[in-house]
Amino acid sequence: MNKRIEQGDTIGIIGGGQLGQMLAFSAKATGMKVIVLDPDPTCPTGQVCDCQIVAPYDDVNAIQQLAAEADVITYEFENVDLDALDAVKDVVSIPQGTELLRITKDRIREKTFLKEHGFQTAKFAAINNEHDFQIKLEKVGFPCYLKTCEGGYDGKGQVRLNNEDDLKQTKEILQHCPCILEKAVDFKCECSVMVGRNVDGDISVFPVSENIHRNQILHESIVPARIPSKVAVHAEETAVAIAQALDLCGILGIEMFIGNDDQVYINELAPRPHNSGHYSIEACNFSQFDIHNRAICNWPMPQIKLLQPVVMVNVLGQHVSGVRNLIFEKLDWHFHDYGKSEVRLNRKMGHITILTNQLDQTLKEIDQTGIW
Ligand code: ADP
Ligand code: MG
């Protein structure tokens, strides 16, 4: 059921983390009502929206209540219960559908989809058991990554294998088969592109972000990415082509490797706002959250403009106390805090956006704080 969504209507969000929170901020700015489903009564989204249903994500009764109260349903993470969504698809608009989630939930399905549609990925093989792994390792070769097909994030559920010595680390991962074995891409840098598409098929594409990871967690995003403009154009065109191939509705984060051969390799797809797109709140004419909300409401899709070059830095649990002092030193930095009550090592607590015309200087300034 796809109904036209207007100002004053209600957006229902499954998941109450920071992505839901920033979706809610954007939705509220355009006069929408927002209701969130999350088991934690203190969750970031619950703090800023009209109403929260406090229940587990896969609670069918709770999803039915969400469907009854909302005009359109969306989600802020990919591990949504597909059966629960299917159960309400006749009573509420779910313009993103369930097919995109089905593909992106599973690394094998995702990479197979990309390959079948002509998009370049790392060489990969499906692994169903230990024996399979021995055989496929011969074909893929070192260095490679062994990853669980479902549920991994921020480098969890995966190991990099450089040589035979690393094989002892595979036991734990292989217990969670099916897995995927991927050849390590020899990359110059990691990038991502956010792309949004509405129900009518109109598209907004964001500029390429260069992403620097520390301990496999995003540390900084730099926009525009420091790659040749020909490669950037190709990355953006590839993002648009992927959105079309998927019949996308909503926002999609596309993680890419820019190879030392200057080729673009697609790493993974996130059918939701993405950490590497947070820069767009201050640096673009529309944020990734604005675009997602417009897309699911089937409003027209604007052309995205980068207003100023930008660096986004993540604030993890271990950075919080240091960052609080920075507020008084860095007067033109934008400090975001998601309002999470529990501070934990490596937990995403907030981020900082720095608009800059002197990128090298800004990167140095970040390092000189000694916080990261
Ligand atoms: P996650 O869901 O944890 O983000 P990713 O597949 O994006 O999983 O892997 C996390 C990080 O590990 C990537 O950002 C990249 O730095 C590295 N990585 C993963 N797969 C590969 C690969 N095939 N080649 C090179 N680096 C990889
Ligand atoms: Mg990733």
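Along the chain as shown, the residues are counted starting at 1.
In case you wondered, yes, glycine gets a Cβ from its N, Cα and C as well.
Predicted, not measured: the structure shown is a model, and the values here were computed from it.
Residues or ranges marked as ATP binding site in TrEMBL: Arg107, Lys147, 152-158, 182-185, Glu190, His213, 267-268. The domain 'ATP-grasp' annotation in TrEMBL covers 111-297.
DSSP assigns Glu182 (ATP binding site) to a strand.
Only Glu182, Asn267, of the binding-site residues Arg107, Glu182, Asn267, place a Cβ under 6 Å from an atom of ligand 1. Considering other CB atoms within 10 Å as the measure, the emptiest surroundings among the binding-site residues Arg107, Lys156 are those of Lys156. Counting every protein chain shown, the Cβ of Asn267 (ATP binding site) has 19 other Cβ atoms within 10 Å. According to its DSSP assignment, Asn267 (ATP binding site) is in a strand.
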